[in-house]
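> Found this in Swiss-Prot, in case it helps:
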- C98, H224, H228, H234: Zn(2+) 1 binding site (BINDING)
- E162, A163, D164, E195, G196, G198, D200: Ca(2+) 1 binding site (BINDING)
- H174, D176, H189, H202: Zn(2+) 2 binding site (BINDING)
- D181, G182, R184, T186, D204, E207: Ca(2+) 2 binding site (BINDING)
- E225: active site (ACT_SITE)
- 291-341: repeat 'Hemopexin 1' (REPEAT)
- C294-C481: disulfide bond (DISULFID)
- 438-481: repeat 'Hemopexin 4' (REPEAT)
Amino acid sequence: MLPASGLAVLLVTALKFSTAAPSLPAASPRTSRNNYRLAQAYLDKYYTKKGGPQIGEMVARGGNSTVKKIKELQEFFGLRVTGKLDRATMDVIKRPRCGVPDVANYRLFPGEPKWKKNTLTYRISKYTPSMTPAEVDRAMEMALRAWSSAVPLNFVRINAGEADIMISFETGDHGDSYPFDGPRGTLAHAFAPGEGLGGDTHFDNAEKWTMGTNGFNLFTVAAHEFGHALGLAHSTDPSALMFPTYKYQNPYGFRLPKDDVKGIQALYGPRRAFSGKPTAPHGPPHNPSIPDLCDSNLSFDAVTMLGKELLLFRDRIFWRRQVHLMSGIRPSTITSSFPQLMSNVDAAYEVAERGTAYFFKGPHYWITRGFQMQGPPRTIYDFGFPRYVQRIDAAVYLKDAQKTLFFVGDEYYSYDERKRKMEKDYPKSTEEEFSGVNGQIDAAVELNGYIYFFSGPKAYKSDTEKEDVVSELKSSSWIGC
């Protein structure tokens, strides 16, 4: 993995090429004229010295010999180096890929570009019609979290003003000298760390974006591009997220490959765990591993009761507090109490009558009695979820009804804890049933007959009998802010 500067572009090899006679070496009779044109366009784009009006000069390592370009391509992708357009080489050329040239070094920024601070802001200024805003928000958050899990960087979303990383979906010429070209051409591009356009990430609004596989997976593209926005170039490791060619990555349960971890930590160093010691009255000293206690944008991944304590999870840490007391609130690393979970708990709930709690992460869940894990992880499909559900956003146990509500995207399921069976006629619309909650539900917990829903930096108190929100607080107030 190499640091990068300048612009990075993720694209699918275009279908329109120059009709000029290609200057390629002789090939077998099976090699079609379309393959010649495709290869020439590919080599011109990724293995030839080019310039960019706002990006800076890109200097190729080698000469312009076509045979030499082919050999460079073959060497980069680990193919047999022949200088000929054999089948394996053409297979590589036809793959969707990122548009950063494999033989160039950008010169826009001196040295190895990286951010000089640990907390970066991001803002999504324009959305795509392919997905709901909540889905786009979630994809971006997950893509950034993939990187912050490995290095001491924190990402804070803002809704107005200029952010370090400005994210938008654009069409055609959008003012940065790198116009988009419509469906199945360039997918996205990102600028390396720096002032002005530095860090900005643009997605082609002409593409069909999705969180699944029926289109271009937004998480996959965003995670790759954010790697460039943080300062990484391409990797020659085919298993790496930063490998040049597009490869679908499942957003749920994704873990940054080792090569990417090595590269990003070379720039920013490893993320260090918090010591878990009690905090002073005004909060802990600054530590990049812990979200600022009184950050107005603080949100939680999961919230649950466990015995007489309330647990609130965020990234690699969780807070423990008494329900009716604000004193003694203390953060700890998740691994210190739940080593099997590591980090990033998706959802959690407790059935107090049984003395058991359930923790969800990706397509798996764990059962605990107190802080003691009860065996290995199990599959969430034990609950009766359809196979397309691959993670749970939030869960809350309703004591009187003896039912658990599971929130997945903009829908929710109802699970009968007595019958150990998912109820019929679900999922249902979360917005229709809980209309007072704005945004996707990240976490939920029932206390004293009320359901508290956490959505981003806000917590909503919902009266289950009136089916209405009765008050709204900042999520950070739950840890004493």
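We number each residue from 1, going along the chain as drawn.
Cβ atoms here come from the backbone N, Cα and C positions, even for glycine.
Because the structure is a prediction, the values reported are computed rather than measured.
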> Drop a 10 Å sphere on every Cβ of the recorded positions A163, C481 and tell me which sphere holds the fewest other Cβ atoms.
C481
> What does DSSP say about A163 (Ca(2+) 1 binding site): helix, strand or coil?
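Where A163 (Ca(2+) 1 binding site) sits, the three-state DSSP reduction gives coil.
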> Within 10 Å of each Cβ, count the other Cβ atoms, then let me know which of the binding-site residues G182, G196, G198 comes out lowest.
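Checked G182, G196, G198; of these binding-site residues, fewest Cβ neighbours within 10 Å: G196.
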> Which residues, same chain and not among H174, D176, H189, H202, have a CB within 8 angstroms of the centroid of the CB atoms at the recorded Zn(2+) 2 site?
S168, E170, G175, Y178, P179, F180, D200
> Rank the recorded positions E162, D164, D200, E207, E225 by the number of other Cβ atoms within 10 Å of each Cβ, and give the residue at the low end.
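Sparsest of the recorded positions E162, D164, D200, E207, E225 by Cβ contacts within 10 Å: E162.
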> Report, in whole Å, the straight Cα-to-Cα distance of the residue listed as 'active site' from H202 (Zn(2+) 2 binding site).
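About 9 Å separates the two Cα atoms.
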> Would you please pick out, from the binding-site residues D176, D181, E195, D204, the one with the fewest other Cβ atoms within 10 Å of its Cβ?
E195
> Cα-Cα separation of E225 (active site) and H189 (Zn(2+) 2 binding site), in Å?
7
> Reported as an integer number of Å, what is the Cα distance between E195 (Ca(2+) 1 binding site) and D176 (Zn(2+) 2 binding site)?
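Roughly 14 Å, rounded to the nearest whole number.
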